[in-house]
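See below for the structure under consideration.
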Amino acid sequence: MKLRFVGFFLPGPVQNQLMHSSDGQGYSPSVPGLYSHQTPAKVPPHQTSGQYNYSGSQNVSQLNNYQGPGQTLNRPPVAPFSGSPVQQTGPVPQVLLPALQNSAAISSAGSFPPGASPPVLSNWQYSQTPVSQPVGSQTSHLAHMTGTGSAQPPSSLSGNTNPPGNYQYAASPGGPPLQNSYMKPGSAPPPVTQPLTPLHPPARPPLGPPPVGGPPLIRPPTLTAGPPNTQSLLNSAANRDAINFKYLSSLPLATPHPSPAPPNVKMNRSVGYSYPTLPPGYQNTSPPGAPGMQASALQYPDGSKHFHQPALSTNHLTASMGGLSLQQEGLRPVNLLQERNILPMTLLKAPVPNLHEDIQKLNCNPELFRCTLTNIPQTQALLNKAKLPLGLLLHPFKDLSQLPVVTSSTIVRCRSCRTYINPFVSFLDQRRWKCNLCYRVNDVPEEFMYNPVTRVYGEPHKRPEVQNATIEFMAPSEYMLRPPQPPVYLFVFDVSHNAIETGYLNTVCQTLLDNLDLLPGNTRTKIGFITFDSTIHFYSLQEGLSQPQMLIVSDIEDVFIPMPENLLVNLNENKELIQDLLRTLPQMFTKSLETQSALGPALQAAFKLMSPTGGRISVFQTQLPSVGMGALKSREEPNQRATAKDIHLTPSTDFYKKLALDCSGQQVAVDLFLLSGQYSDLASLGCISRYSAGSVYYYQSYHHKHNPVQVEKLQKELKRYLTRKIGFEAVMRIRCTKGLSIHTFHGNFFVRSTDLLSLPNVNPDAGYAVQMSVEESLTDMQVVSFQSALLYTSSKGERRIRVHTMCLPVVTTLSEVYLGADVQAITGLLANMAVDRSVSATLSDARDALVNAVIDSLSAYRSSVLSIQQPGLMAPFSLRLFPLYVLALLKQKAFQTGTNARLDERIFTMCQVKNQPLVYLMLMTHPSLYRVDNLTDEGALNINDRTIPQPPILQLSVEKLSRDGAYLMDAGSVMFLWIGKNCGQSFISQVLGVPNYGSIPQNMTHLPELETAESIRTIAFISWLREQRPFFPILYIIKDDSPLKSSFLQNMIEDRTESALSYYEFLLHIQQQVNK
């Protein structure tokens, strides 16, 4: 091994490694023996049945079998509820997908009962698919749900008889009064007074979501511990065999396994008590200015300790049901071939679940948690018949302006399934509550009886935990596997000749200097730097040195760490040395002629340096790695970009994936910044971020002189990256009501044990998706719930748990399933599934699957819901945009054919599909087009004394363009301002600041700030659009003769391109297939 020292270094004390104390949280490695630093997780003493056990006894696949995100997993079986037998009318569905719950019979996650043989699903089964759905908080009124929590708390959480402890609450938005049930006992939802005959089977009148809530849901005065009985059963037609789909391939799944049911317990409690707002004493701890959830004001009679209140009156019920007449709009069939103007003029909002208004007010914000179907089918057979995917879309760590934070020594959770207490549980009395996921009856701990805000004892239902669907807990020590790690940031820079030529190092070092004091952290924050070309350079920042010292390791085959104690140093104590290094780094390699890139060995060195603590590695790479471990060769042939068979979407080596799994085991995430003009094999390099829960940034053809607009983009996005909040050593679990099953995950993470997602870092800009199925009939349930729990360490060293809970109604008819379809969430989930299909099969298979998704769902609607067959292509109103969105996906860089997209560009777009929250994914898929030469203040928003115009959204077709106007296209990561040849002189001079059309520069990317009303309005609107996303879209001002005009026209989704159909041609194709 060769070690060369440049300058001198002084030995220093070795840092103490963090202790690895253990806890039931689940930090044990997924691959036995893989992570030497890991200590097996401790099982909590006196573990109750059904508690998660993360010790090493689970069945774990071999390393090379891990598929990571998007992987279909064998899940633990779920016991059918034995409180009341579930009836089936008709054949049992052929496909049974396991549920996510932990039944009392399961002792270790991921294990199968003896003799259980996971059935193999045929083609793309639609029992699996996630998406996000509007959800908010609700108070204890729901009946069923199973969940997954992030950590294993001690079994003594329930039934605590200690005196009340100290509580601290940070601001919590209030929740409205809730009713204690959803429907009348033993009855189906009341029918609409004037049903639309053609839209429904004669057996049942239509029932759809009202504009705000749904019919009032009334809980019967007495309930048993089992699910409430409902008389209505599914029509035998809906209980057909599971239908095979033409979509994404499915993988083997676990089979159900019986387990004991909770005892029957009577619930005696009247309905309709209300919850108050939180007093001013609650303090807001969230970052200001971030978009957040609406807090609703609640009324509650002071001093009331009683649970008894009269039930809702008949008048109340009738008045609420009056809103149902508006539901018929959702059931109205739309002839897509005739109704061309179906695109809303404002951004499409998530559909509102058909729940009672008071319940819905408490539901989770759809920006955080969203489901593809807001009406959950009662059986898998009904879901199969609808031909729509079922899944969830999550944005769990989103920046929020209002986030209630609870500090308590007792976090109340279900003793059986570990669900966190939430607005949808049921209080049987002051001392007992029933879980809304598994229906277990739990004791209310003594400490939870006291409300420190009102200083009243005996009001557990008024606590913020049961008033907010989104809440954050300060976790006690039981939720820690080891002492919370310090924030550790390691920067790894490519300094080869190619890298220095791009000039990126100047931008990155200067941005780091400017934001060094804004890095999230505290007095323990550590920072370090590595550079590399064909060798690896470390930098000693030991206290007492007059300047940083470079240490060069030239033996890249066996990398070792020289002086590990001085390479990661305390930021506050060594700030001057760090600033000195950042100022000198860009000049140190200006004369380098070294062209080789040893990225693999540099990452190995970074991993070894970070392993003792965990943290974040930010690596900047500008070319294909060429020497050492992980060296790659070019696989792109420009002339064959169009042929799907020759496309290289899979990694060429497993080096980066294996290293990412090692990183994940040591709580290290790797973020990759690729700044390259040539092919760099992002399909292989991206694995280092995908499996370590990192992020990928791609700056195509970055050059500080030749492509200066990229410099601003890198500056803005790097500032956001460096200063946004971050969570370390995180895990996330998603739970759902008994009978539902989660089986496939999408996003950047590693699946550690069946349903536990390992997130060494979690950031507020990452989205996730899961696919689901209905494993057991939901016959006796009126609602189901979903809960995500994210356990993380904040940059301040606090262990926290962020919990989101969502409630949705269960329906029994196909028309109701279509009525509740969330077309954006469906599109987002299908996009995730299509990326997996592209990689596992071919790009053409994925494209066919997307088209088949439209054909099959509209065929099912035509044959099973429409009673009168009509000419044309009929779609339910809720799915009217489905063909348009799928066509937009087919034209997106991830899935398009033709030679336009470079391979790395295609892969990067696929990375974005898998890791972007839904709102950004939809904008990149179907851009928004606005006319901006005639902006007015009519209907404008007023934000912070700024007036933001709100022009209508136009269809993406050149038909909508006029040569007399100027049009802004917002495509998410890029914006185009197209100026028509005959655009008004006033706009050109007062907004663009040039005398005439001919004077507009070819490469104009900024609008001048002029003192004119037109300029102020235009800049305010564009700035407002940019502020709502974490990345920085470049603005290109283009004319008819601009070289970028082709990119602008490529985003005109409804028009024909060289390799894709127009929207109308696509509809004709769909109609032809539907009518077969």
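Glycine residues also receive a Cβ, built from the backbone N, Cα and C atoms like all the rest.
These come from TrEMBL:
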- 20-90: region 'Disordered' (REGION)
- 46-74: compositional bias 'Polar residues' (COMPBIAS)
- 121-165: compositional bias 'Polar residues' (COMPBIAS)
- 121-234: region 'Disordered' (REGION)
- 187-219: compositional bias 'Pro residues' (COMPBIAS)
- 411-447: domain 'Zinc finger Sec23/Sec24-type' (DOMAIN)
- 484-722: domain 'Sec23/Sec24 trunk' (DOMAIN)
- 727-811: domain 'Sec23/Sec24 beta-sandwich' (DOMAIN)
- 822-922: domain 'Sec23/Sec24 helical' (DOMAIN)
- 948-1014: domain 'Gelsolin-like' (DOMAIN)
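Sorting the domain 'Sec23/Sec24 helical' (822-922) by DSSP state (H, G, I as helix; E, B as strand; all else coil) yields 71 helix, 3 strand, 27 coil. Across 411-447, 822-922, 948-1014, stretch 411-447 shows the highest tally of CB pairs under 8 A with the domain 'Sec23/Sec24 beta-sandwich' (727-811). In this model, the domain 'Zinc finger Sec23/Sec24-type' (411-447) carries an average pLDDT of 94. The residues of the domain 'Zinc finger Sec23/Sec24-type' (411-447), classed with DSSP into helix (H, G, I), strand (E, B) and coil, number 2 helix, 13 strand, 22 coil. Across the range of the domain 'Sec23/Sec24 beta-sandwich' (727-811), the DSSP-based residue counts are 0 helix, 60 strand, 25 coil.
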